[in-house]
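Working notes, structure below.
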Amino acid sequence: MLWKNPNPLPRTVWGETWRILVAGLFGALLLTLVSVDSSSTGRHPAEWLVWLDVGLGVLSLALLPLRRRYPFPIAMLLTLFGFVSVTSAGAGGVALVSLATQRRWLPVSIVSVASLMAGFLYEGVRPANDTGTLGGFLTTLALGILSVAVCVALGFYIGTRRALLASWRERAETAEREQASRVAEARANERARIAREMHDVLAHRISLVAMHSGALAYRTDLSRQETSQAAEVIRDNAHLALTELREVLGVLRLDNAPDDPADAAVERPQPTLADLAELLEEARSAGARLTATVDLVASRECRSRCPAMHFASSRNWSPTPASTPRRSRWRCASSAARATASRSRPVTAWLLQVRAVVCLARGWGSPGSPNGPSSVVAR
């Protein structure tokens, strides 16, 4: 028996309100009909019995919200109220419907039989015109059976519909979990494939670096130009290996948890202009004497302050498209800091709307710079 429901369904204020209103109106209607019938027969009950009827009806409405937590005790108690109170019949019917939604025959049968008995006993307390006749008995029995059958059928229908919706919800959740499992498995397989490809690509690049490095180690008869070409091959392959490694690691990152600390450990966040102070501090710790100035200016004013401005082409540098602007700004600041690493020179950075400018006067660059520009502008 359902003495206490451990998992009652959630309820809303309006859902409880309209049920209480319907039960109260139905009980008031029955009380009015009984009062009219008593007046027509001249059998007026005692005044205290009328007040008891109304009081138990109000109490049944107050107990009605507890039917979800205690379905069987509340339904049985409201049925017992019906022995002397017709006003509580509406609340008793709602409680019987709520009990029938659990679809357990034993408690429903007990409350149903008690409801039929309550109808006959109330006839003895408030007799009607045909009380004591066979027709009156059959009428009371038929109305009692019909009302109980309607309440039980409605409760079983609601319970079946709830169970069906719950099964559909469970099937949908199961399908979602299976789909997520299949997606995770496919992602893991794809990452394993990418990892194998990464191993092959890096092995090729590193083998080229090792081969040319070994050639430089024992070929002492190479000319200066040949040595420079071999060094460029080593540099390009090492740079390509690092670039491809970063791209593959970016693919292997977790897509669903970008803020996960484990995900952040795969690839360090790209440096921005907020890290300019850290870059300059590293240069100062290496022995450079730098004076940094950061200002917000317009493009025309920037060009007037730095007339000898050059644009870096960076032909040998190909980062991923998503990180190009951030790496360009960092390369710009790094180039300027390295250019003044051996001298005490001021470094001025202007932050525009779409570009970062690091401007140095012409002639401040370090001797032997391969590209020659003493100031760099990165879009």
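Using the three backbone atoms N, Cα and C, a Cβ is placed for every residue, glycine included.
The transmembrane segment annotation in TrEMBL covers 20-36 (among others). Counting residues 6+ beyond its ends, the transmembrane segment (20-36) has Cβ neighbours under 8 Å at 53-54, 57, 60-61, 64-65, 86-91, 93-94, 126, 128 in the same chain.
Annotation comment: TrEMBL describes 48-66 (among others) as transmembrane segment.
With a cut-off of 8 Å between Cβ atoms, the residues of this chain six or more beyond the transmembrane segment (72-98) that come close are 1-3, 19-20, 22-28, 30-31, 34, 49, 52-61, 63-64, 66, 107-108, 110-112, 114-115, 117-119, 121-122, 125-126, 147-148, 151-152, 154-155, 158. Among the features that TrEMBL reports, transmembrane segment is placed at 72-98 (among others).
The transmembrane segment feature in TrEMBL is assigned to 105-122 (among others).
Annotation comment: TrEMBL describes 134-159 (among others) as transmembrane segment. Away from its own ends, the transmembrane segment (134-159) comes close to residues 93, 96-103, 108, 112, 115-116, 119-120, 123, 128 of its chain (Cβ-Cβ under 8 Å, at least six residues beyond either end).
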